[in-house]
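Peer 1: Have a look at the structure that comes next, please.
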Amino acid sequence: MPAKEVLDFDLAWINSIKVEDAEIKSRVSTAKFADPKSIGENLTSAAIKNVITVIDLASLVGTETPESIAELCRKAVSPMDEADGEIKVPKDPSVHCATVCIYPARIQDAVESLKSSGADKSVLVAAVAAGFPSGAYPLHTRLAEVAYAVSAGAQEIDVVIDRSLVLRGLWQQLYEELVQIRKACGEATLKVILSVTECGGFTNIYRASATAMLAGADFVKTSTGKEAVTASLNEGLVMCCAIKAFYNRTGIKVGLKPAGGVRTLETAISWLLLVKQELGPEWADPKLFRIGSSALKVFANYLNNTN
């Protein structure tokens, strides 16, 4: 997708943002996207296929080899092969993961594997970069890592912000860092990881989301998956509120990517319902919604048994 436009920083807007914690929690507690009955009613074949097609299939353990990356790519291209027993679902080439998400050192392995299978146009290569998962490295080293990832063939870049800037309220500095990262990405899709459970509250999550979007983020992402506490629908709703406000101000659509803790189909469906209900059905598309997960087998088995 074309790179998002970098907009002028608006500190007055950022500072004006205030989020009432009780209101967010109340909305989530009564929302259909968090209601087990509603989630159960949406466990349909179509919804499960939707979930599979928005997955960024991750392998971020640190022990990956060329062989394990080739296997990851195979799973992303043919997810139903992961189901146990006889495959009951008709072969559908459109049902594949959106990307494989890996460390920069393994990008070329993924590029070669997808190209050799003829799937390089359907499943893209995403890489974490910019000092993942801490973001606590000098900016020039983070920029160099992003530039390397793009040059190695990554079409999407997932970067994590320096949360110390959020906790200190240094929004201008956060914006300026992300603008440089946006430029280093070139035409690659930029997903900005906020590590929301380490941001110090809902107001900071909203402000960090808004800052990232002004700096040209294509997606705002909840988590690295390495945090002690994973993101909940509460944080997801705050991010959706920020995305909606940004769209109303600018006409620019920014995507959402929950990651970390999405290990069950029910959890994945709840996030899918969140974006549909809060942002609109057009946000259920891979261009605007992703799920970072490695639980593909769970989803494939459920789809296989639903048919």
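Glycine residues also receive a Cβ, built from the backbone N, Cα and C atoms like all the rest.
In TrEMBL, annotation is done automatically, which means it is predicted and not curated.
Below, the features straight out of TrEMBL:
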| type | residues | note |
| --- | --- | --- |
| ACT_SITE | Lys221 | active site, schiff-base intermediate with acetaldehyde |
| ACT_SITE | Lys257 | active site, proton donor/acceptor |
Peer 1: Using Cα coordinates, what distance in whole Å links Lys257 (active site, proton donor/acceptor) and the residue listed as 'active site, schiff-base intermediate with acetaldehyde'?
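Peer 2: One finds 4 Å between the Cα atoms of these residues.
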Peer 1: For the active-site residues Lys221, Lys257, which one has its C-beta crowded by the most other C-beta atoms within 10 angstroms?
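Peer 2: The largest 10 Å Cβ neighbour count belongs to Lys221.
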Peer 1: By the DSSP assignment reduced to helix, strand and coil, which category contains the residue listed as 'active site, schiff-base intermediate with acetaldehyde'?
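Peer 2: In three-state terms, the residue listed as 'active site, schiff-base intermediate with acetaldehyde' counts as strand.
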